[in-house]
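Notes follow the structure.
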Amino acid sequence: MFRARHLLGIEPLAPPEITTLLDLAETYVDLNRRTVKHSDALAGMTQINMFFENSTRTQSSFELAGKRLGADVMNMAMQTSSVKKGETLIDTALTLNAMHPDLLVVRHPQSGAVDLLAQKVNCAVLNAGDGRHEHPTQALLDALTIRRAKGRLHRLTVAICGDIAHSRVARSNLILLGKMENRLRLVGPATLMPSGARDWGCEIHEDMREGLKGADVVMMLRLQKERMDGGFIPSEREYYHRWGLDAEKLALAAPDAIVMHPGPMNRGVEIDGTIADDINRSVIQDQVEMGVAVRMAAMDLLARNLRAERGAKAAEMMA
């Protein structure tokens, strides 16, 4: 069962809803590997992608997902939109709502902006990342990648390493993996740990070698310099020496540990290129593949709920 009206974050989702979405995504993995990659799940529906921040993987993934489901997909060019002329987010939302879209996919630099927008529209809204808050589809695709690689999504030791403080990916993964009863570790310099991290029910390790010991999953995060307003690290060279993932540090993890990265990667900063390209350990390209399938599943489920809601309202009006 999946009851969500929007997909704004992982926090509101119950474990059975997460499992339902991942199970449906599995069917879309199979569809995406066929010669004809098409479904009519969103036939007759309109999807609008609004990205107030630059994106390659997420935006193209959502666009491809919508088209493979049969939706009419429109990408708004935010750099040339009325937002640049001073229009508020709410006015933009109201304008789009008047066009009767069915799904809005939104990325915004301000935490909470997508939640605000969702309150102003009648369609389903998917959060493609808002500030430091959440990135729900990234956590879901990571979960699917882990489940396929490890055969389960519970009782695993997961080390999330790097710039935790500025990462919405880390936050969403912590919530999701915590709901599924995993052992979680945050690894990185104290300057890149969020305040209150010790209250999140996970281990904190400033020493990367300690943090990686016996880990089943090693998730690397890039330095988000665009969200930094001060000197958080001495230098990239020093950072790589202490917290960059190389063969010597990875050897401390479980022998069958997988290596993940949400992208974009900074090779030689948070991860060595040979590790990123190691087909026996790295599942980074699998994450990209799972991203399309997970976004297809999310939009499919939200569309079903939207149709049911609209059908109930229509029946009520006719009664």
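Including glycine, each Cβ sits where the backbone N, Cα and C put it.
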Quiz item: Of Arg33, Arg107, Arg237, which one shares the carbamoyl phosphate site with Arg57, Thr58, His135, Gln138, Gly263, Pro264 in Swiss-Prot?
Solution: Arg107
Practice problem: Taking the recorded carbamoyl phosphate site as Arg57, Thr58, Arg107, His135, Gln138, Gly263, Pro264, identify the other residues of that chain whose CB atom sits within 8 Å of the mean position of the site's CB atoms, giving them in sequence order. | Solution: Ser55, Thr56, Ala128, Gly129, Val169, Pro262
Exercise. State the Cα to Cα distance, in Å, between Arg168 (L-aspartate binding site) and His135 (carbamoyl phosphate binding site), rounded to an integer.
Key: 6
Self-check item: Rounded distance in angstrom between the Cα atoms of Arg107 (carbamoyl phosphate binding site) and Arg222 (L-aspartate binding site)
Solution: 19
Self-check item: List of residues, in chain order, with Cβ under 8 A from that of Gln138 (carbamoyl phosphate binding site) and at least 6 apart
Solution: Thr58, Gly129, Arg168, Val169, Ser172, Asn173, Pro262, Gly291
